[in-house]
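Working notes, beginning with the structure itself.
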């Protein structure tokens, strides 16, 4: 009613328009809301009304009153607050207590809601289920049980135990990390989407833990019989223990003597046995006495449980009462809320009144009525003010007080006793668990005691029998006692004689010592003389260096001449005449320098002879004369160089620099000659040192000349020379002569270089000759390669010939030969008689490949009556193919014919193309020869083979079929087999003249051929956005592309046919792989690399390959295609070969050319790109369906094989043909069989060598030929199952190599089958044979197919895996780590100053110590309670700062005779008192880590090391590196770490010597993450010689088992790369099988024998000791991480292992 009257009066006031007075009155009202009731601090409403007025916002005013007066805020607290039920803030809203981990809680109880950072609990005080860490520190992270992936975490929590933690696994999982299934469950928790499922087996039997297959207890064929195994284990334990006990007793009885002492001992033994029985009886009685107490405890526990149940019921009742009380309190709050709503309505009306008052300002009104109404309003407001809510408030407070009293009673009478009961129950439960554990221990002890009693009873019986026998022997011995005494007297006399002999030997020893001293003195004199002679010999090497550098200049001239030869067919000459003259002059100057060097060599030889004859003074004059002649020659060379400078101004600066260097050389030579004049016998050492300095000057001169010549070569490359210039003929003549001379010089130069390299090893000081010699060899090899790539025909005049370097891989030529070349003959002139004379109608010699002295097999080409004939002789049988008449044309414009000769085994074909170099070449039908013979091998002697072209020397007699005059015409070579071959890479060239030149037309080629040894380099501009090219290759492993700088790089490789992208960009590691295999390719495919795309790095494969590199535009300046230089390979540890194949249309935005190329020629030989060789692992095979069925003529198959096995079930199976057969190997003999009969070779094939088979089957029968000589024994009956409808190689049963497969009936071309076109199963490596690759110098091998380099087998190789980033000069040490650093004792005893940096969290542990002469530690540095302590003698210095906070801290200390100083983080701690008990007599080494002495000098010094990192360990500023002994210390790595053991390689390994029971079954599981893809992981051997070896070999996991009867081996290639992630590996050895698993890939082989039981095993992990490496294939130590190693499902601990080398058994680098 009051509110209604107030509203009415306000409406009247609005009508009369009263303004200011009402506003003042309203703002003076003291209307307020209690903060205690609202749950907020006291706030007056007019403060906010004033703010609303300033903002002129009616809605803001409404929101304000709604905030403070809404009824919901009276009932519940705001979000983030809850109502306190006790204490000083009882009934008020207080902030939630969630440790800052949540902003929300229950408004009634205060329990936190929505805890963040993986926390839980009423106050977010603990980690969530399945997480571990500190909730307060916000470090809760998922338990790695076994992985941190939510889908791979199978634990309800983790339990921390010191530095370790154990997972609390969910039901069905077990293991420290829940990494395996519990008994009764199966599955693979570590596999993708893996989990454990209950076994579904009848009768409750368990199942296989991986597959779920049920085990039947009564099944005799099952691999596992648990009951039997348990019995066997227990039986073996008992037998082993009894054997040991019997052996000990036998030893004791063997030394038994029948005397009183022995009888007394036996009596004591009987008494001890009796006492033991009494103790066992008492023990048993005590156990029975404890049983009632246990029953009583169990009854007490049940009573406690009942009490807890009753208390719980009471607590529930009291909780319901409290809920009712809260409801009544809520009703009270509701009444207050209604009052608040009325107040809000009143304020709204006041606001409306104010608005109306404002509107009535202009209308006016009755002032008296307004005044009267205003007074009435004031009166009503005053009345309302006096009507407060005090009574209601008091009622509410009283109800609240009673509620608190009730709550206190509940807490006092129910909750507190309940908490106490729970604590008591927990304590009782823990006591029961402890007592149960004690009872189990007691039970086990009783069982052991019973077993011991049984064993003792048996032993007693045996002892009684032995005692009876002993007594019998004792009686007999007593009878012979007299004889024994006599023998003792005789022995005493003998010993006396021996003492006399000993004295005589001592005298002889002294004499021998004296003689040894004399010999040592004589030896010293001899060594001094030998030192003089060796120094004198070293002088010869110094002079030889000058000759070698001159040879370098000569080789540079070769390079320059080769460049000129490449320009031979080009046009558009610019300054040709000047360049040619300059080149001629420079060549002449180099020749003069070479002559001068030869003179220097002669002088050096004379000097050496003088030194050896010790007649130096008489020979000095001759040396001076020779030196003067050398100076004259040098001056003439200088004059010639000056003439060159006048003729060619463009090279003036270069020649001037050469003159300066030449003058310096002359000055050096003069100085040398002057010093030689003063040679004396006593000055030999000084002279040799000066000669070395002179050689260094010559070295610098030659290096500078090399740079200058390279510049000249680059400039000449830019010059185009016309072939019509007459001066070119003179130039080419000089080039040919120079090439001939240099080619003759190369062999002797190589020999000299080898001699110098061998002799430099004996020089006393360091030398750079080895690197120089290596560089010279590289230059020679590059020169030969460049000569091979020179294209252009050479004219043969009939009396000329060229001897080329023969092929290196003659093994490949035995079965396959491919020659590709072009030739032509000139037109003839004159009358008919002259024409006949010039035609050489008797024939012309073209080519010969065979032995020089003993001609047997060969390949030859001759011309008869103008027609080319191809001849080849195999196994004494000559074969001949007639081709076509050679095209004749003029030498100025020659039309050359192309000849493609291909021989595979005994079959051959020739493809002849007329006028190949014209615009319209004419390819003739192929001429084919298929002889009816089985001999198909070309046998050549590697030491006698020669290759002559165009003719032959006089000292060689060719076969009768080739005895013709030399060829007249032009010849140009392209390739031999798949190797590039050019005529300019010759060994000898005879009568190659300048006048007869051939000018052929331009050969049109498609693309560039990369021979698998080099690369192509292109430049990249800052604006370039993409790189693309077309590639054709049959390879599956090669380098495709590289682009990089100092900070970033991209490597694109082929690995197993997939395109793999690796790189680093902005410190981000990149790894991508195509989702499908892209190679091998039979057609060109486009590769496109995009550099300006912001999308993530990806590889997409459609009709072309698109590789997005991200936005890297402008970051790189160059790129390599098809391969990379050796320096880049070594930098990034990439040892895949260069790509062998063809490239075309290479573009960097637009078409570009190579700025540098190596191993590239124009043209693509498509037929020769196939893979002709393959390596098979067990379980792999190749297969194909025959495209063409064989005919009635029969099936002929030829192939070569190499293997280390003598039994191979399938080499090849020719299924799908009419004449099917199988080739296999049985006991080393080749066996050919079909469904009816079989043939066997009569000669056994030697393992590890290549053998070649030719097999033929037709309706007439079978024929077999092995290695051209073995035709096999007569056929015998055979039975064989039906063949598959395909040709199969290996069929999973062959481990070795196959090459050059040829099937005559189904192959249309005459080349070996391309194995990349076969269907591949398992692990087959195409293009090479792993077994024949040498362990060294693989990178120098020119085989184009090689997919493995030497680094694949070396211990230092990391093979594609990125090494973790280590901190320089650091060592990570564990509690058992120890290192020793050798130092000079003088350094340690001359006021040594030690400094090191330490990073650790250990509170205690040893850092380093030094000992005295007797091994007693004198100086010890260690941590105690986190502080650094230095103990010197009996004194100690303790730092005031703790350093176990995980940060780096510096420690420095100095040890003096009278005092010592210690500084931690530059805070110095002095020891002001003199040292006690310290004599400064420190001895090397310096020990770091675990205490390595048995002396307990210091009581509080810890025995074990700290766990942490040590950096920059120095002694008197000397950095200690490369410890002499390292056991368990590895480098410290950057970034985070994870659990595991890290093996750093370099021979690091663990040894565990334990007793295991090893029988016919064996289980090994672990996880690995390697850093090197080759290395030994696990090796086990027992006392019976049985072994199990597991190792990595080039990315494959291999296991080898030897059970003493037979050897087994299998391998698995992982489905994903091993680098960068952990992989699960398991080896399961059963009675019938051996299984190896790597993630999802597995391999299983059958087992044909059962292992014997053993009792003693040695386990090696990570590597082998040197004395145990015999018979083990893999010697390289493992490098990487291992974890979760289990044997027979039991974790393998490293606590008792012996550690050798750098191993961290606690943690691994995570990256």
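Each Cβ is built from the backbone N, Cα and C atoms, and glycine gets one as well.
Curation does not apply to TrEMBL; its annotations are automatic.
The annotation transmembrane segment is assigned in TrEMBL to 12-33.
What TrEMBL records for 96-142 is domain 'Laminin EGF-like'. Averaged across the domain 'Laminin EGF-like' (96-142), pLDDT for the predicted model comes to 88.
Positions annotated as disulfide bond by TrEMBL: 115-124 (among others). Reduced to three states, the DSSP call for residue 115 (disulfide bond) is coil.
The coiled coil feature in TrEMBL is assigned to 266-314 (among others).
The coiled coil annotation in TrEMBL covers 590-675 (among others).
Among the features that TrEMBL reports, domain 'Laminin G' is placed at 791-998 (among others).
Feature annotation from TrEMBL assigns domain 'Laminin G' to 1171-1329 (among others).
For 1368-1532 (among others), the entry in TrEMBL reads domain 'Laminin G'.
The domain 'Laminin G' annotation in TrEMBL covers 1539-1708 (among others).
Following the DSSP three-state reduction, the secondary structure of residue 1708 (disulfide bond) is strand. The disulfide bond annotation in TrEMBL covers 1681-1708 (among others).
Here the Cα atom of residue 115 (disulfide bond) is found 36 Å from that of residue 1681 (disulfide bond). For residue 124 (disulfide bond), other Cβ atoms within 10 Å of its Cβ number 27.
Other Cβ atoms within 10 Å of the Cβ of residue 1708 (disulfide bond), summed over all protein chains shown, number 22. Residue 1681 (disulfide bond): 24 other CB atoms within 10 A of its CB, across all protein chains. In the three-state DSSP reading, residue 1681 (disulfide bond) counts as strand.
Other C-beta atoms found within 10 angstroms of the C-beta of residue 115 (disulfide bond) number 24, with every protein chain shown included. Cα of residue 1708 (disulfide bond) to Cα of residue 124 (disulfide bond): a span of 32 Å. The two recorded residues residue 1681 (disulfide bond) and residue 124 (disulfide bond) have their Cα atoms spaced 37 Å from each other.
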